[in-house]
Amino acid sequence: MAAAGSSSRFAVTCGLLSQYMRERQQPQPPVTVLEAVAEEEEEEDARTMQLFPPRAAAADGVATPSAGTAPLTIFYDGRMVVVDDVPVEKAAELMRLAGSACSPPQPAHAAALPEMPIARKASLQRFLQKRKHRITTTSEPYKKAAVASPAPEKSFAVAPVKDEPATWLGL
C-alpha cells in the first residue's frame with residue numbers, strides 16, 4: 001500500500017535503470033548490448049594472457065546467445081527497452097521484483113467513487129423534499145384531487161348551522 005506521493009519499487013527500479021542507461025549512452029552513439037559485451041570481453045582479454053585459443057577465436061566471431069540466455073524486452077512509461085542475452089536467473093529475479101511491487105497508483109477519479117453514493121443520496125433527499133413541498137403547496141392539479149375525494153361523514157349529531165350573511169352577494 002504505497003502512499004499517494006510515493007511510487008512503487010518497480011517504478012523506482014525502472015527509473016534508475018533508465019537513468020543509468022542515459023548516463024552510460026550520453027557521450028557515445030547508441031550501442032547494442034551485444035557490442036557492449038564484446039567490448040568488455042576484449043578489455044578483459046587485453047589484461048589477461050590468452051591461454052585458451054578457442055576462446056580468443058570465439059571472441060572475434062559473432063557472439064551467439066547461450067542456452068541459458070535470451071533477449072529481454074521491458075515496456076515501461078511508453079518506452080521499450082530491449083536487452084540481449086539476459087541470463088534466466090536475472091530474468092526470473094526481475095519478474096519476482098515486478099510481481100512483488102505494489103499495484104500502480106490509482107487515478108484521482110477512483111478515489112471519488114466511494115463518495116458518489118453519499119452524493120447521490122443527498123441529491124435524492126433534496127429532490128424528494130422539493131417534490132413534497134410542491135405537492136403540499138397550492139397547485140391546481142393537486143387541489144382538485146384533494147377536493148374531489150369525499151370527506152368521511154361524521155356522526156348523525158349535527159351541530160346547528162349558523163346562517164351567515166352572504167357577503168359574496170355584495171360584490
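All positions are counted from 1 along the displayed chain.
Placed from the backbone N, Cα and C atoms, the Cβ positions cover glycine too.
Broken down with DSSP, the domain 'Tify' (65-100) shows 13 helix, 17 strand, 6 coil. Feature annotation from Swiss-Prot assigns domain 'Tify' to 65-100.
Mean pLDDT across the motif 'Jas' (117-142) comes to 82 in this model. Annotated motif 'Jas' per Swiss-Prot: 117-142, in sequence order.
Swiss-Prot lists 119-126 with the feature motif 'Nuclear localization signal'. When DSSP labels each residue, the motif 'Nuclear localization signal' (119-126) comes out as 8 helix, 0 strand, 0 coil, counted as helix, strand and coil in that order.
The DSSP breakdown of the motif 'Jas' (117-142), given as helix, strand and coil counts, is 23 helix, 0 strand, 3 coil.
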